[in-house]
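According to Swiss-Prot, the features are:
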type	residues	note
TRANSIT	1-45	transit peptide
BINDING	TRP49	chlorophyll b 1 binding site
BINDING	PHE69, GLU88, ARG197	chlorophyll a 1 binding site
BINDING	HIS91	chlorophyll a 2 binding site
BINDING	ARG93, VAL134	chlorophyll b 2 binding site
TRANSMEM	94-114	transmembrane segment
BINDING	LEU130, GLU192	chlorophyll a 3 binding site
TRANSMEM	133-153	transmembrane segment
BINDING	GLU154	chlorophyll b 3 binding site
BINDING	ARG157	chlorophyll b 4 binding site
BINDING	LYS191, GLN209	chlorophyll a 5 binding site
BINDING	ASN195	chlorophyll a 4 binding site
BINDING	HIS225	chlorophyll a 6 binding site
Amino acid sequence: MASNTLMSCGIPAVCPSFLSSTKSKFAAAMPVYVGATNFMSRFSMSADWMPGQPRPSYLDGSAPGDFGFDSLGLGEVPANLERYKESELIHCRWAMLAVPGIIVPEALGLGNWVKAQEWAAIPGGQATYLGQPVPWGTLPTILAIEFLAIAFVEHQRSMEKDSEKKKYPGGAFDPLGYSKDPAKFEELKVKEIKNGRLALLAIVGFCVQQSAYLGTGPLENLATHLADPWHNNIGDVIIPKGIFPN
């Protein structure tokens with residue numbers, strides 16, 4: 001009687017087995033709603049970046065930081081997708097180097113990144129490092145050396161056939177042996193891509209700030225904003241002065 005009452009309320013047939021005394025009956029009678037499985041399937045295929053949005057079939061979540069975001073369909077071609085993964089990771093690493101390279105000199109009072117050519121070299125073009133002359137050349141010479149060195153390294157990397165080794169070469173590039181623990185390595189891959197994307201956004205922010213306030217660095221912009229948040233903000237740039245005069 002109790003089971004009939006429960007079933008009339010929409011409770012599945014698991015309830016009678018739950019009321020019985022044997023665990024085997026409970027396990028055997030465990031039903032699964034077809035509708036529930038369909039719902040879970042739809043949920044699992046939902047893009048993580050926007051709940052309810054369908055996840056592209058080629059973004060299966062296996063790549064580090066894959067949240068199903070590809071609104072332009074750039075990764076539909078498998079070869080292109082691999083190339084984009086590699087390019088994103090390399091640009092993320094450059095951005096993570098650039099952000100502290102921009103912030104630290106300004107924080108030390110050496111100057112901002114926009115005016116680096118004014119404080120990173122003394123008259124005559126002699127390169128300096130932390131204010132001290134570099135004995136082996138001028139800025140153009142150092143830039144040429146860096147260009148050739150990076151070109152050589154990038155050429156060597158491009159010759160690698162294994163797509164994973166292109167992105168994670170290991171060996172001398174993993175002196176602390178982080179890749180030896182597979183589970184930890186996968187976790188670090190996700191952390192790297194997340195921090196890299198944040199650094200890419202920071203670089204965009206630095207460039208936008210500098211274009212709006214010429215010759216200023218990010219820390220100077222931050223200090224100006226904190227001094228008067230109501231007036232010194234993005235609205236001060238995009239909203240005409242005549243609408244909201246000071």
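Here, residue 1 is simply the first one shown, and the rest follow in order.
Even glycines carry a Cβ here, placed using N, Cα and C.
Features per Swiss-Prot, on structure.
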{"residue": "HIS91", "record": "chlorophyll a 2 binding site", "Cβ contacts under 8 Å, 6 or more apart": "GLY196, LEU200"}
{"residue": "ARG93", "record": "chlorophyll b 2 binding site", "Cβ contacts under 8 Å, 6 or more apart": "GLU192, GLY196"}
{"residue": "VAL134", "record": "chlorophyll b 2 binding site", "Cβ contacts under 8 Å, 6 or more apart": "GLN126, ALA127, THR128, ILE142"}
{"residue": "ARG157", "record": "chlorophyll b 4 binding site", "Cβ contacts under 8 Å, 6 or more apart": "LYS166, PRO169"}
{"residue": "LYS191", "record": "chlorophyll a 5 binding site", "Cβ contacts under 8 Å, 6 or more apart": "none"}
{"residue": "ASN195", "record": "chlorophyll a 4 binding site", "Cβ contacts under 8 Å, 6 or more apart": "CYS92, MET96"}
{"residue": "ARG197", "record": "chlorophyll a 1 binding site", "Cβ contacts under 8 Å, 6 or more apart": "GLY65, GLU88, CYS92"}
{"residue": "GLN209", "record": "chlorophyll a 5 binding site", "Cβ contacts under 8 Å, 6 or more apart": "THR216, PRO218, ASN221"}
{"residue": "HIS225", "record": "chlorophyll a 6 binding site", "Cβ contacts under 8 Å, 6 or more apart": "ASN232, ASN233"}
Counting Cβ neighbours within 10 Å across all chains shown, tell me which of the binding-site residues TRP49, PHE69 comes out on top.
PHE69
Would you list the other residues of this chain near chlorophyll a 1 - those whose C-beta lies within 8 angstroms of the C-beta centroid of PHE69, GLU88, ARG197 - in sequence order?
GLY65, ILE193
Looking only at GLU88, GLU154, GLU192, the binding-site residues on record, which one has the least crowded Cβ, with the fewest other Cβ atoms within 10 Å?
GLU154
Measuring Cα to Cα, how many Å separate PHE69 (chlorophyll a 1 binding site) from TRP49 (chlorophyll b 1 binding site)?
6
Name the secondary structure element type, per DSSP in three states, that contains VAL134 (chlorophyll b 2 binding site).
strand
